[in-house]
C-alpha cells in the first residue's frame, strides 16, 4: 500500500499537536460563520461619543461576502444558506435603520442589497425541504429569525412553512423561560432563538468567561437585549474577532473555546452539547492510528494528558466540553480514551454511573434521541480501560445498540454533528475492531461468540464493503474530500480485524493505495464543511489529523484461532459461486470482486438463516434443500449491485421469506400435490378456513396479543410463533397439512411489519398469500389433467380452463410467490418509515401501477422458469407454458421454436415491468423519500429477475451443484441485449 514517508508524517503530526498549546489556551480552529458574524454585527454600544457599532469589521464582512444573487454562502446544506441569508438580511435592516457609522454603505446601496437578499431568501425557502434537514435546532432558530424579519416588514410564505411551524411547536411545547434562568442548559448556546420569549437580564448569571456557552451569536443577542452592558461579554467578542478563525478580518466562528476547551470538543446546540471541532479528537485520532507519544512530542502530549486527567478527577470521572459546563458522555469518553492512550488511565465508572441507560448510553441527561457516534465513543472508551472484563455488560450494551441501529438503518447512518456518512461508519469500525481484539484476547468471556459472529462482524463487514464500493474514480471518497477520504481509509483499516477480509485483501490494498495517493497528490488546505453547529463548519486542524492518521494507520492482520474459527467461508466456494453468478446477465457487468464481496456477505448471514430454517416447515422426508445456500447471495448481490444498501433487518427478513416460499412450494408439491382430488379439495377448504380465522386486522391484533402475551423471542432474538390452530378437516386429510399451512400463514401475517401496516396493505398481503397457496392446488389440478392425457398428445394441453394469457397472468404467476412477496416487502418498507398504519405507496395511482408492475414481473419470472424447465416438466408430466394451445401451431416436435416464442413473451413482460417502474418514477416527481423507495422496489425486481434467470438456465430444479456443475451451461442467445 502506498504510504508517505514516516518521518515526514511524524513531523507533521508533532507540529499539529504543538498548535494545541498556546500561552493562554485561547485559540480557535473553527471556520468563520456568516450567521454568527451577522448577529455580532448588530451589537451597538453606548459611548460618551454616542451609540456605535461594537465591531464594525463584522458588518464589513457581511457586506463583503454577499453573493451576486443576493444570498450568502451555502456551506454544505440548504439550511446553511437560509440561516446565513436570513441573519444577514436582518443585519442589513438593522444597519439601515440605525445610520450611526459613516462606513456603512449609502442608503440606495443598502436598499438594493436588502432587495436582493430578500429575493434570495424567498427562493431559498421555497426550494428547501424541511423534512430532509438534519441540523439540530433549526426548528427554533429559523422561526425566530423569520419572526424578527416580519417585524422589519419581511413576510415569507413557502411550501415547507407549515412543517417548520409544526416542528417549532413541538420543540417549544415544553419550554419554560425558567429553565434558562435556573439551570445551565445547552439552550444557552442559542439565546438569539428566544428573543421576545425570555428576560435576558435573568440569564446574566449563566455567563462563563464572558460568553454564553462559548457562542458569539448567543453572546451578541445577550448584549443586544439585556438592559445593561456587560464588559466581559464585550471582551469575549473582541477576543473571538482577533483570535478566531477570521483572524481579525471580521468573520466570527459559531463557537470559540477557552482553557482546556482547546483539548476538548467544541459543543453546543439547542438540544444538547455535542462535540465538533476538538483538539482532543485530533489527539486521540493520531494516537489511536499509529502515532506514539514520541512521534507527537512527549512534552506536549504529557501536558495535554495531565490537563485532561485533572479535569476528569475533579469532575468525578466525567467532563463537559469546558469548565463549569454540563458533563456529557461524548466528551467524557474521548477524554477517557485520550488519558488511556497517554498511559494516564482514569476509571470509567463515572461515565457508567452518569450516562448508562437501559438500552444504550445517554449523551447527556434529558437527551431525546440516542446518539450513534456517542455510543461508539463510549464503547471505545470502555474497551480501552485496563480491565475491560469488569465493564463487560456495559460493553455488550453499547455494542448491541450500535448493531441495532446499523441493522435498521436505511442505506447509511446519519449523524447530527457530521454530514458525512463515512464518519459514523469510521467510529463504529474503530470500536468494533477494538472489540474483536479484546474479545479474541479472552478479555470478554461473557460476550457470546454468536453475538460477535452474527451481529458485530456482519455490521463491520458491511461497513467495509460499502466503503470499498463507494470509492470515487480518483481514489477519493464522498465529495472528493480529503477528510472523508481519511474517514474511509480508517474504516477499512479497522475492519481488517475481520478474518474474512482475506477474501478481498487485494482489493483492500488497491483501494487504500488509491486513497492515500489522492491524499498525497492533491492539496488539502481547502475548508471542507462537514461538521454541524448552527450552520455547517470546517476545521483544517481536524481534517489534517484525520489525513495524517489515514496515511500512517497500520493494516497488519493477525487472527487468533478463536476468531478465525467463527467464520467458515471457503475461498474456493466463494470463487465458484462468484463465477456462476457472473454468468447471469444481471451481474455480467458487475466487477468480479464486488460479486465475491456480496457472496462473502451472504455467507456471514447464512448462520442466522439456518437458525430459522425449521421455524415452520420440517425437512423430514424432503430432498436436500440445495437452494438454501444461495438464497442469501441473490439478495446481497442485488443489494450491492446498485449500492442500494437496504437495511440489514429488511434484507434478512426477505431472505427468510424467500426460503420459506421455497419450502412452501416443496410442501405443496411433495405433500399436497400428491393428494387425490378429494383431498386437494379439502386442502382448499382448509386454507380458506385458516384465512377466515384471521378475521379483520384490528381484531387480529387484539387476538394475537391475547394469545401470545408480551412480544416473545427465543434465545437468538427471533419471534416465537403463536401455536397454530389445528383445523378439523376429517381423517382423510393428513394431520400435518392443516398444522403446517396454518403455521406458515401465521408466520407471515403475525410479522410485526404486517401487523403495523395500513389496513389496505395488510389485506393485500392476506389476499395474495391466500391466492399463492390456492394457486398451488389449481396448478396441481392442471398438472393432473395434463398428466392424464395420452403421452402422444402431451405436447398440447387439451383441457385448458382458460387462455394462456389468463392462466399465466393468474394461477401460474401467483404460483411464483412474487405477488404476495411484493406485498409483504412493501409492509417491511413501510414499517421502516412509520411504526403504525404504514404504507409503501400512498395514492390510488401509485398502488395500481405498482401492482401492475409486479404482475408483469411475476409473469416474466414464470416464463423464464418454464423456459428452462421444459425437459424436467416433460419428465414429471407437469404443465408448462409452451403446452398451451396457443403454441400448437409450432408443431409437435418444436421445443426450440416454442421456447423462442416463450422467451420473446417474457421479454415483452420485462418491457412492461420496466415501463411500470418508469411511471412510478414519474409519479415520484423527484420526491427524495419516494425515489429512495423506488430504489428498493427496483432491487426487489432485480432479485426476482435473478431467480428467473437461474430458472432459465435449468438449474434450480435440476438439483445440480450450483457451485460446480453449472459452468458448462450456456446462456440463451436472446439474452445478449435483454437486461
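Every residue number used here counts from 1 along the chain in the order it is shown.
A Cβ is built for glycine as well, from the same backbone N, Cα and C atoms used for every other residue.
Quantities reported herein were computed from a predicted structural model and do not represent experimental measurements.
Within 10 Å of the C-beta of residue 665 (Mg(2+) 1 binding site) we count 17 further C-beta atoms, all protein chains included. Among the features that Swiss-Prot reports, Mg(2+) 1 binding site is placed at 665, 669, with the record citing similarity to another entry.
Secondary structure from DSSP puts residue 669 (Mg(2+) 1 binding site) in a helix. The Cβ of residue 669 (Mg(2+) 1 binding site) has 16 neighbouring Cβ atoms from other residues within 10 Å, across all protein chains displayed. Residues or ranges marked as Mg(2+) 2 binding site by Swiss-Prot on the basis of similarity to another entry: 665, 669.
DSSP assigns residue 865 (Mg(2+) 3 binding site) to a helical segment in the three-state reduction. Annotation source Swiss-Prot lists Mg(2+) 3 binding site at 865, 866, 869, 873, citing similarity to another entry.
Annotated motif 'VYDTAW motif' per Swiss-Prot: 34-39, in sequence order, evidence recorded as a curator's inference. The average pLDDT the prediction assigns to the motif 'VYDTAW motif' (34-39) is 98.
Applying DSSP to the motif 'DXDD B-type cyclization motif' (328-331) sorts its residues as follows: 3 helix, 0 strand, 1 coil. The motif 'DXDD B-type cyclization motif' annotation in Swiss-Prot covers 328-331 and is backed by a curator's inference.
Cβ atoms under 8 Å from those of the motif 'DEXXE A-type cyclization motif' (665-669) belong to residues 617, 622-623, 625, 740, 773, 776-777, 780, 817 of the same chain, restricted to positions at least 6 beyond its ends. Under the heading motif 'DEXXE A-type cyclization motif', Swiss-Prot lists 665-669, citing a curator's inference as support.
Taking Cβ pairs closer than 8 Å, the motif 'VYDTAW motif' (34-39) reaches residues 58, 61-62, 65, 72-73, 83-84, 87-88, 90-91, 192, 215-217, 220-221, 246, 250-254, 534-535 in its own chain, all 6 or more past its ends. Reduced to three states, the DSSP call for residue 873 (Mg(2+) 3 binding site) is helix. For residue 865 (Mg(2+) 3 binding site), the Cβ neighbour count at a 10 Å cut-off comes to 25, with all displayed protein chains included. Break the motif 'VYDTAW motif' (34-39) down by DSSP state and the numbers are 6 helix, 0 strand, 0 coil. Counting every protein chain shown, the Cβ of residue 873 (Mg(2+) 3 binding site) has 20 other Cβ atoms within 10 Å. Between the C-alpha atoms of residue 869 (Mg(2+) 3 binding site) and residue 665 (Mg(2+) 1 binding site), the distance comes to 16 Å.
Residue pair residue 665 (Mg(2+) 1 binding site) / residue 866 (Mg(2+) 3 binding site) shows a Cα separation of 15 Å. Residue 865 (Mg(2+) 3 binding site) sits 16 Å from residue 669 (Mg(2+) 1 binding site), taking the Cα positions as reference.
Sequence-distant contacts (6 or more apart, same chain, Cβ under 8 Å) of residue 866 (Mg(2+) 3 binding site) comprise 873, 880, 881, 882, 902.
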